[in-house]
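For reference, TrEMBL has these:
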BINDING   CYS44, CYS47, HIS99, HIS150  Zn(2+) binding site
DOMAIN    84-162  domain 'Galactose-1-phosphate uridyl transferase N-terminal'
ACT_SITE  HIS152  active site, tele-UMP-histidine intermediate
BINDING   GLU168, HIS265, HIS280, HIS282  Fe cation binding site
DOMAIN    173-299  domain 'Galactose-1-phosphate uridyl transferase C-terminal'
Amino acid sequence: MKELRIDPITNDVVIFATDRLKRPLDTADIPNEDEETNEYDEECPFCKGNEAYATDALFEIESEEGWLVKSVYNKFPIIDDMARDVYGVHEVMIESNKHNRSFYNMSQKEFEDVFFMYRNRFRDLSKDDKVEYVSIFKNFLRKAGASLMHPHAQILSMSFIPPEITNELLVSKEYYDSNKSSLYDDLIENEISLNRRVVYNGEAFLVLIPYATKYSGEVRIIFKDKIEFGELNDNNIQELSTIFEKLFKKLYNINGYMPFNLCIHTHPTKIETKSYFNVHMHIIPRKYNFGGFELGTNMYVSSMSPEELTKKLKID
């Protein structure tokens, strides 16, 4: 099957060529990253007991046995609060005190702690008058950009809106001006009506495999309500945690210990965008790299049918 599709959120052009899954691949030299089995690594700066190797905690959730999750300053920041053009704060959010935890084996309660931490750090960093945008992302395994195995995500406040978000805002604003309705509201309504790519339809979130995406196998989670990320309530976090626990178990069954990125696209802090833009999350498996066609044309090729992947990931 060959089909041209356009991602309505980004306007990315994607060619679907599912027969390319049959291509012969030389896998002899592809390195595998084994699943971590040890709860503690004496050389890991994020492990419980090795606190001297990390900066002081900016936020913690604790139990009787000590901290469960915490956020610290990144010792090697992309940006910092000393620069004029790229002002901001860069934190590492340590998602567990156990070295061998991952999204593939976390419980709902562990996910709740993670999202409570994300929300707290987002709220705090958004208060800075110099900050225009707060980015939350996660790299899992080396192929996805991670430098350490210990479960962690990152959050950056910055004095500008990044290009990817600017593009999404422009696309949704143009749609709003032309149609007098929200792109995200219409997308949610249309996907629920068609029910061909909906993985989960809940009270506050719609989980779907995008109609078109430059990342084969991407899962997208769209907030149904016009709320900022920092406005998530406890019930929202509970629902989101249930989604993540079930979704990543299914992803593990399909892809195994697959590298992935999580990118949370939030509202800018200084301009009103709620009427036409919804917070959403991109879960991007890092199974395929871009080739010369993608890099040379700014078009993308996907070998995975969104509709078929949806059937495998359905959450009851």
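Cβ from N, Cα, C; glycine included.
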Note = Cβ atoms other than its own within 10 Å of the Cβ of GLU168 (Fe cation binding site), all chains, total 19
Task = Using HIS280 (Fe cation binding site) as the reference point, find which of the recorded positions CYS44, CYS47, HIS99, HIS150, HIS152 has the shortest Cα-to-Cα distance to it.
result = HIS152
Message = Just to confirm: which same-chain residues, 6+ apart in sequence, have a Cβ under 8 Å from the Cβ of HIS265 (Fe cation binding site)?
response = GLU164, ILE165, GLU168, VAL279, HIS280, MET281, HIS282
Key: Integer Cα-Cα distance in angstrom, HIS99 (Zn(2+) binding site) to HIS152 (active site, tele-UMP-histidine intermediate)   = 10
Task = Quick one: give me the count of other CB atoms within 10 A of the CB of HIS280 (Fe cation binding site).
result = 19
Candidate with the highest Cβ count within 10 Å, taken from the binding-site residues CYS44, CYS47 = CYS47
Inquiry  = Validating a neighbour-count step here. Other CB atoms within 10 A of the CB of HIS282 (Fe cation binding site): how many?
reply    = 20
Request  = Take the C-alpha atoms of HIS152 (active site, tele-UMP-histidine intermediate) and CYS44 (Zn(2+) binding site) and report the distance between them in angstrom, rounded.
outcome  = 12
Ask   = Residues with Cβ closer than 8 Å to the Cβ of HIS150 (Zn(2+) binding site), same chain and 6+ apart in sequence?
value = ASP41, CYS44, PHE46, CYS47, ILE94, SER96, HIS99
Task = May I have the list of same-chain residues other than GLU168, HIS265, HIS280, HIS282 whose Cβ is within 8 Å of the Cβ centroid of the recorded Fe cation site, in sequence order?
result = ILE9, GLU164, ILE165, ARG220, CYS263, ILE264, VAL279, MET281
Inquiry  = If I take every residue in the domain 'Galactose-1-phosphate uridyl transferase N-terminal' (84-162) and average their pLDDT values, what number comes out?
reply    = 96
Environment of CYS44, CYS47, HIS99, HIS150, the listed Zn(2+) site - residues of the same chain whose CB lies within 8 A of the CB centroid = TYR40, ASP41, PRO45, PHE46, ASN50, LYS98, LEU148, MET149
Ask   = Once the chains shown are all counted, how many other Cβ atoms turn up within 10 Å of the Cβ of the residue listed as 'active site, tele-UMP-histidine intermediate'?
value = 22
